């Protein structure tokens, strides 16, 4: 870092290059932040039945949505508002600016909740997105066949659309003036909902099965891509009613080389982009590439201008097999060097970070904690895998937030070497403080015992063997015996982890003291007998 600053100050490094190097380092420094939590205010059940047995849950467990989190979205304007949608049909609003700058430990609480109700969603949320030009409104879709528009501030319902089939995901163009919402539904046609007129009758036919993913071109308002369970990816011009303008073909590494790219050429009618259901689809933010993921456990990168498969290989580590929309995140192109964008892929219980165009695995961000949503002390009955169900990027480089089937929202925040060192120093200070407190507690216990010993004649028996005599305490010789007892016994009981004997009978006319001390021995292990 010092060398970069020096190069920048001497003019050897331009401001744009300096900024890109810094942001690239921050992106690559993203790490889990396990002490940043989201508490939705839901109380855990005290027990869970397992056959005829009931076992306790841990009372300290917190959830964003106790039944699981299905969807996340962060507003694109200032990255302040996070939306989360649960499997319980509820929607929660979180203010990400509540966390102090540089803090590595914080618990968020929702600033607003849309609970399950007759006027809200009835089944689990599938997708959330903000209004394209203003974060004051957001869209939600659900397994209840409905697409809804809400006010972010008041959480009042503004519009409701019944699409008569499960809505797996939806997409809104970030630049378009037409205000069309593309919906990927169980019906084999892309449904288009017009927010301006309230109509939902227009559809794009051509697929032969349920559609799991849709994505608008980031720079061309009328171009849309869709992925289907039959393995096809089609590219549409929504101004035309003649069908798709092109299909992506996994066997085509050359592409269509006409002047207008895919819009001016032809593609095989049987072309397939994947050999499994396509549930992940996104564009790079400059619109040059399409990224897709499918149940064939492959990720492919396509040249958007020609439709060519770039043949980027991401290896055998990909896991993808759930019949739901899969959120994949590509880092903004302006934050990295050209052709060096990073792909963040939710790989079951970890986030894989790849170089987008080379497919090289850079980092595995593993989810902290157990692999299942068991919340009891030792073993659990809830057989829910701790699977990542959604990802949301917070611009510019403020990290990633992930939704999980165990009900958690987890933060992944850039941590530089300086940040990590500060965290270690804070942990060390905390350990020293805890040790000091523990030492004070031990001294207080010993002082209490001494005060009690001086009031009456008692004996200590440390062991069950018949040849171990008791040590007798006589208040008349308190000063002398207290010194010996402190040295020989109490210090051993407090910290000695070995077996230790004190048979020196010459030190007491009453008899010898023999104390047996085991590992992790506590004062509760010593029996005190009042001598009559």
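Just so it is clear, glycine is given a Cβ too, placed from its N, Cα and C backbone atoms.
Unlike curated entries, TrEMBL annotations are predicted automatically.
For reference, TrEMBL has these:
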type	residues	note
REPEAT	62-97	repeat 'WD'
REPEAT	204-239	repeat 'WD'
REPEAT	271-312	repeat 'WD'
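Mapped onto DSSP classes, the repeat 'WD' (204-239) shows 0 helix, 19 strand, 17 coil.
On the 0 to 100 pLDDT scale, the repeat 'WD' (62-97) averages 95 in the predicted structure. As a summary of secondary structure, the repeat 'WD' (62-97) carries 2 helix, 17 strand, 17 coil according to DSSP.
Using DSSP to sort the residues of the repeat 'WD' (271-312) gives these counts of helix, strand and coil: 0 helix, 19 strand, 23 coil.
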